[in-house]
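According to TrEMBL, the protein carries these features:
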TRANSMEM  A:20-41  transmembrane segment
TRANSMEM  A:53-71  transmembrane segment
TRANSMEM  A:91-115  transmembrane segment
TRANSMEM  A:127-145  transmembrane segment
TRANSMEM  A:183-206  transmembrane segment
TRANSMEM  A:218-237  transmembrane segment
TRANSMEM  A:334-357  transmembrane segment
TRANSMEM  A:369-389  transmembrane segment
TRANSMEM  A:423-441  transmembrane segment
Amino acid sequence: MDILTLARIQFGMTTVFHFLFVPLSIGLGLAVAIMETLYVIKKDEIYKDMTKFWGKIFLLSFAVGVVTGIIQEFQFGMNWSEYSRFMGDIFGAPLAVEALLAFFLESTFIGLWAFTWDKVKPRTHAIFMWLVAIGSALSALWILAANSFMQHPVSYTINPETNRAEMDSFFGLLQNPQLWLEFPHVILGAFTTGAFVIVGISAMNLRKKRNIEFNRKSMKLGAILGTIFAIATMGVGHQQMIALATDQPMKFAAMEAMYDDLEDGSWTAVAFPDTENKDAGFEIKVPKLMSLLMGDDGNTTYKGMNTLDKELVEKYKGEHDIASFYVPVKTLFWSFRFMAGFGSVMAIVGLLVLFFLRNDKIMNMGWALFGTSLMALAPFIANTSGWLITELGRFPWTVYGLFTIADSVSPNVTANQLLFSNIVYFLLFALMGTVLVKMILRENKKGPYYVDPDAANNEIDPLAKEEF
Amino acid sequence: MIAGLEPLHFIWFLLICVLFVGFFFLEGFDFGVGLATRLLAKDEKERDTVVQTIGPVWDSNEVWLITAGGAMFASFPHWYATLFSGYYIPLFLILVGLIVRGVSFEFAAHSETKKEKNFWQWMLFVGSLIVPFMFGMIFTSMIQGMPIDENFNIFAKFGDYVNLMSIVGGVAVTLICFIHGLNYIRLKVEGDLRVRAEKLSQKLYPVLFVGLVVFAVLVYRNTDFIERRPVSTIAILAVIVAAAVAAYYGALKGKETLSFLSTGAVLAGIVVLIFNGIFPYVMIGDVAANSIKISEAASTLYTLKTMTIVTACILPFVLAYLSWSYYIFRKRIKVGEGNEHY
């Protein structure tokens, strides 16, 4: 395999793996902060138990998120040095601000939070968790500011002398309309992720009749947050879709598997596109639904991929001679359906859970609890699908319309080096993923009231004056 | 003044240096503590205590590196691109080290069997060994000059990374981190462990002195530091040696704060020596014409100005709460004092 393919595999593999744990820790972070706040307000011990238990799961997922994040940061320089040279003036700034503004905050207060139980006032301790949650949200904001530029470059000038993109305005970068669709969508999706993992695991425990009161309260809180955030995520996603139709029409067309122009406003529910003959193939269409979704009058035409490809080849001729602008249609088409589908299912399940939690009806519905416990997986499918659409859909660009993936790769890295790192990363990810899932399930089996027999005899009073 | 070098270029060159100093001073003792889990601690209880000394802080210490990387990307994209792609394998090994080490804390804490816990604590050790060694190698091979082409790309052979000086550099940085970690343990724990940490460090200083002399000779022989900048290079080398002597004195006289600050100063001194030596370049080429100037590698002045303002606004807060967190965890730990990590 050539270095470009190997570098792309590495980027895809790392991003997907990284983004399994990032939304989980962002979402759990918020949920735990809310739980701890409830404890401070209501002084009900069960909220403290919830904080501690879900906090453990949060810390586990955070650890894996952090280490994979370092790979992401270094990878730009290691595998994509030409991209870094072209984009450093713009891309580096949000990355550095992310580290300075968000990572220090998160990592310092996570240390404080994990190691100061009973050492500081409950209110202070809760503030630590909020600072962690704010830190991780800020981190998402800055990294998405960088990503938004790649999707929709704004406020830059190409310097012909240095042959790179240069920043015109830092605030311009932050005013990127793409950012204010992407950030809310991603962050709300992350909140949904944490909430539905709580819902799913609690449902699993309720089905096995473990710690009923604890899991009932956890599930309720998770379902409230999850329902709100799932609906909000879809709302923003809808706005994003409308913007996409004009900003990245090829991505939009691929998500709908439209090879030919769409004139009748119908929406394709199922399609098996024939990528070789550039033909829609078998499809099931719902009349008028697209117009309804896009909020147009039914007479709007959406360009199909065949038209767009011709236009784009013509548009970039001479500047970037690219033979074909087709993106991976099948992946985009189905990823979109998985994302939106699982998003809707989460919203519905969240509402149903809340409904059947009244009078605790759900406790006796084993099948419903089983189905709900599976929902712990749904956000991961939706998140991954979302990123596949976003990133694969900007093919062949790293920076949309400006810089291609083929031009981005490091020229001095060899295929063997990349192959070696790919294999080791894959093994490491597999190991970490397995261990993490095993440990989360194990912690869950122990439950919130498990006391480590080894730790029991270490009672000390950390607040005693002589300790300081 | 050096042609093309703007004050903002210099400020950011200095800031990158400061970030690496922060990283080695702080994460340096984390690596040393990681090494001490096998080289100092005798049993599981002691190992837990040793790990516990860095439990709450290692994560934020590592952020210094992440910030240095991000800042390098933002202020000197060509430096970032040249260095990171040019040192692919050493940096990859650093990442592997940081990964296994980074998850080891949580994974060891949630292990069920002794075997499992042992595995993750070994990973902490291995990671703490790889990372400082590789960094030492990277920095000391970098200053000897690398084959850089006209597009700023390094096309290096094995011998460019791995040679006598880079191995000495790798071993030296690892050793100093280890002693720095022992000094941190002396500060943070009580009882037998603390005494043993002091004794072990006392034995290591003579080795360090030999290493520093060899390193100084190699700096003279393999780099143009002394040729180009004789006064400052020799002055910094003298400070490094003086700090090492002070650390030794602190170990003999039982002054752990002095020792800790001094080994930190040794690490800081090495970083400063390198940054002072390469100035006004960010990368030294194997022939003079191939070296990359600070001004050539830099971002636009607008980006640098923006970053300076942002940094000036945020950094004081960061330093304030970082110091505060060290203040919160200032008390010493006794062996067997248990799983703080709830």
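These residue numbers are counts, starting from 1, taken along the chain as shown.
Cβ coordinates come from backbone N, Cα and C, glycine included.
Most Cβ pairs under 8 Å with the transmembrane segment (A:183-206) belong to A:218-237, among the candidate stretches A:20-41, A:218-237, A:334-357, A:369-389. The transmembrane segment (A:218-237) shares the most Cβ pairs under 8 Å with A:334-357, out of the stretches A:20-41, A:53-71, A:334-357. Here the transmembrane segment (A:53-71) does not touch the transmembrane segment (A:369-389). Their Cβ atoms form fewer than 3 pairs under 8 Å, with each pair 6 or more residues apart. Taking Cβ pairs closer than 8 Å, the transmembrane segment (A:423-441) reaches residues 10, 13-14, 17, 20-21, 57, 60-61, 64, 67-68, 71 in its own chain, all 6 or more past its ends.
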